[in-house]
Amino acid sequence: MNHGASGSLVWTAKVLTLFPEMFPGPLGLSLAGKALENGVWALESVDIRSFARDKHRSVDDTPFGGGAGMVMRPDVLDAALTATAGPPGTPGRGRAIYLSPRGRVLDQELVKELAATPVVTLLCGRYEGVDERVLDAHGLEEVSLGDFVLSGGETAALCLIDAVVRLLPGVMGNVETAGEESFERGLLEYPHYTRPAVWTDGQGVERSVPDILLSGHHEKVRAWRLAEAERITQARRPDLWNRYEAGKKAEGQIGKRGRRRGPKPE
Ligand code: SAH
């Protein structure tokens, strides 16, 4: 079991893969790497091939019905999933996910849900994918990274874990940063600027930062950033923008109802 310094269970990712050497990979560096070292989260990579039982250690076979490619065998995956869950009384496999282009598309809402789940088991497919029966038998949830096809679930699992780990308490230095970021308010983020205040680009064009950011006027800066976030979201992501507007409208209505009943709560 993976326990933190305080004795409580730390967020644990159990990854079932044919390429365990891909983990922690990039998650062993920077913020996630430091947090892993400090025991803020834990990683168990499970080599699916070690559950193969025939003399060739085969994990895949040709698809029934014909067609190209290979399919990962249900008996091998079943053994790997069952072993990963561990005996009763242990934290088990928690939320069990098969990374798959057919799944619910990963978004910040799901990332937050997963950050609040102590154990997440991630099955990484290869080849054409996995035998459908093992998904049914184990009730695996399918999660996709987006509408494109990867060669394996490992890079998707790395992205998912990265997004979760940065939300765990103590991983990000500045807690405020997380609250303002893209998607947190249903908006894309406003533009950032740092020194130098005037920068000359390769074509000799002097580029300065918006004056308002140098004004020291916090309220005006906040309003400017919100307006920029709204402008960018409306221009680039009509889907997010429509949801944001609907949310604001609903909030307005709740506000009005609240006012009729009595003084506005703080
Ligand atoms: N034949 C499948 C694609 C298999 S790609 C299809 O057409 O749907 C091989 C593996 O990569 C999959 O089993 C899955 O685990 C992973 N994968 C591919 N695309 C992915 C995506 N968009 N999100 C998450 N995992 C993906």
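Placement of Cβ uses the backbone N, Cα and C atoms for every residue, glycine included.
Annotations in TrEMBL come from automatic prediction, not curation.
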> Out of G125, G170, G173, which is the one TrEMBL records at the S-adenosyl-L-methionine site of L145, G146, D147, F148, V149, L150?
Replying inline: G125
> So for F148 (S-adenosyl-L-methionine binding site), how many other CB atoms are inside 10 Å of its CB?
Replying inline: 7
> Using DSSP, would you call G146 (S-adenosyl-L-methionine binding site) helix, strand or coil?
Replying inline: coil
